[in-house]
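Peer 1: Look at Swiss-Prot and you will find Cys496 tagged as active site, phosphocysteine intermediate, backed by sequence analysis. Per Swiss-Prot, substrate binding site is recorded for Asp461, Cys496, Ser497, Ala498, Gly499, Ile500, Gly501, Arg502, Gln540. According to Swiss-Prot, the compositional bias 'Basic and acidic residues' annotation covers 1-16. Per Swiss-Prot, phosphoserine is recorded for Ser245, Ser268. If you look up Swiss-Prot, you'll see 1-80, 169-189 marked as region 'Disordered'. According to Swiss-Prot, the transmembrane segment annotation covers 88-108, 146-166.
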Amino acid sequence: MNYEGARSERENHAADDSEGGALDMCCSERLPGLPQPIVMEALDEAEGLQDSQREMPPPPPPSPPSDPAQKPPPRGAGSHSLTVRSSLCLFAASQFLLACGVLWFSGYGHIWSQNATNLVSSLLTLLKQLEPTAWLDSGTWGVPSLLLVFLSVGLVLVTTLVWHLLRTPPEPPTPLPPEDRRQSVSRQPSFTYSEWMEEKIEDDFLDLDPVPETPVFDCVMDIKPEADPTSLTVKSMGLQERRGSNVSLTLDMCTPGCNEEGFGYLMSPREESAREYLLSASRVLQAEELHEKALDPFLLQAEFFEIPMNFVDPKEYDIPGLVRKNRYKTILPNPHSRVCLTSPDPDDPLSSYINANYIRGYGGEEKVYIATQGPIVSTVADFWRMVWQEHTPIIVMITNIEEMNEKCTEYWPEEQVAYDGVEITVQKVIHTEDYRLRLISLKSGTEERGLKHYWFTSWPDQKTPDRAPPLLHLVREVEEAAQQEGPHCAPIIVHCSAGIGRTGCFIATSICCQQLRQEGVVDILKTTCQLRQDRGGMIQTCEQYQFVHHVMSLYEKQLSHQSPE
């Protein structure tokens, strides 16, 4: 019975811990009031995960399963089981038995009750004798003296026992099994702020793009309307934890199978709220509001953490061998907007897969950009297949080949190379202060096309730039190159390492620059939500979000100076 009670109590503790962990994550999604700004330690678009895993000690091997027939020891085993009350009762009983024994052996056994008064009087008289030598001289070491000695010794022993029990620390709670623990990891970052000016900046604005952590999954259910309510299909939907103390809701904007006729999709209130936020969030900024907001890191931080990340649950892609085509296992293309390669084998879904999404442009124009991950060795051929298939005229690369570890494979040739029948030739390389421009020709059969490859090299390792003009200059160069392609330019491919952080900054800046020129206002919040609908995690960190605001603030000042007075 005691074992069953202890086990029930441990299960209750485990349930409380699980609910507490979920509550911590839920509560950490939104930051209504923040006492201090934040600097998030981040690695570019999730590339630091491998380094952090390398530095962390390996987890201890799992303990062998215990014999189910062997019951665990009861709670409190091996520790003191005596309480204060039991000690006092023991003391009283021992003194009573001691008194009875002494009286019995001293001849008072038959009439001890009759001589109780005399015994007490003898004890009081004995206590009044202050001269201990008088006891020895007078020979009064009789029954009362022995009784007093035994009482004193017993009192000292029992008092010592009680004092020891009172000082004994309470028994620690029984540790829960590892599988019953739910921990809400909270990492509170710090923040360093500096103004983004064309002049030299004194303090760097640190930005390490966040490591992509494995999502923690809630459960939502897909259920047929006419089916038995007891037969439910449980489907995992992801919650991606942002680096820092904030958990961003991950919602799948197009779950495969949800739109099939005869099936209903039951969304959780949190997911429904996140979907509604991405579709409706907006904050139009006039020029003065833009400048003020760019200088308010607290407001930008709070606004950024309100935006759902919209990452994809890896379980959405049940394609064997898919891991070989993803640079990061948790950064996947959203299904509804992903690029599908033409494949000679329609029964092989892996041959048509590439980690890339179509991204809408200014005014919701479809397929203006393609956001993709930095190619890896096993996807270089797929990357060039996509370039040829989409008639891409421009590629923008915003990462170095290595930043602590490999961020992108050098997928272009020194002179010439061929992939799947497409001949790639580098015609010319132009070096500028902030980027390198390669003029490339693509040829397949008798068809030949031109391609411009911009490699932006001014983005510092492991942080955001401390100056906005280089990125603005690149955006303007790419816009002019796209205008030369005509009114119906094919999608512009933009990539970094994971294809969400720096890539999101570039595309958001390009869209907002067009909006600022056309409307005189800018809505960076709405633009960010639009990007995350198409590809989860775009503009990955708070620092990148602030950087986009500073770039747009600088661009608005440039436009106001260029406008006729």
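Easy rule for this one: first residue shown is 1, then count along the chain.
From the backbone N, Cα and C atoms, a Cβ is placed for every residue, glycine too.
Locate each feature and note its surroundings.
Peer 2: Here the Cβ of Cys496 (active site, phosphocysteine intermediate) has 30 other Cβ atoms within 10 Å, regardless of which shown protein chain they belong to. Reduced to three states, the DSSP call for Cys496 (active site, phosphocysteine intermediate) is coil.
Around Gly499 (substrate binding site), a 10 Å sphere centred on its CB holds 30 further CB atoms from the protein chains shown.
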Peer 1: If you pair up every Cα among Asp461, Cys496, Ser497, Ala498, Gly499, Ile500, Gly501, Arg502, Gln540, the residues annotated as binding substrate, what's the maximum separation in angstrom, rounded to an integer?
Peer 2: 16
Peer 1: Just going by other Cβ atoms within 10 Å, which of the binding-site residues Ser497, Gln540 has the emptiest spot?
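Peer 2: Selected from the binding-site residues Ser497, Gln540 on minimum Cβ neighbours within 10 Å: Ser497.
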Peer 1: Around Gly501 (substrate binding site), how many other C-beta atoms are within 10 angstroms of its C-beta?
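Peer 2: Step by step: centre on the Cβ of Gly501 (substrate binding site), count other Cβ atoms within 10 Å, giving 31.
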Peer 1: Run through the Cβ atoms and count how many others sit within 10 Å of the one on Asp461 (substrate binding site).
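Peer 2: For Asp461 (substrate binding site), the 10 Å Cβ neighbour count is 13.
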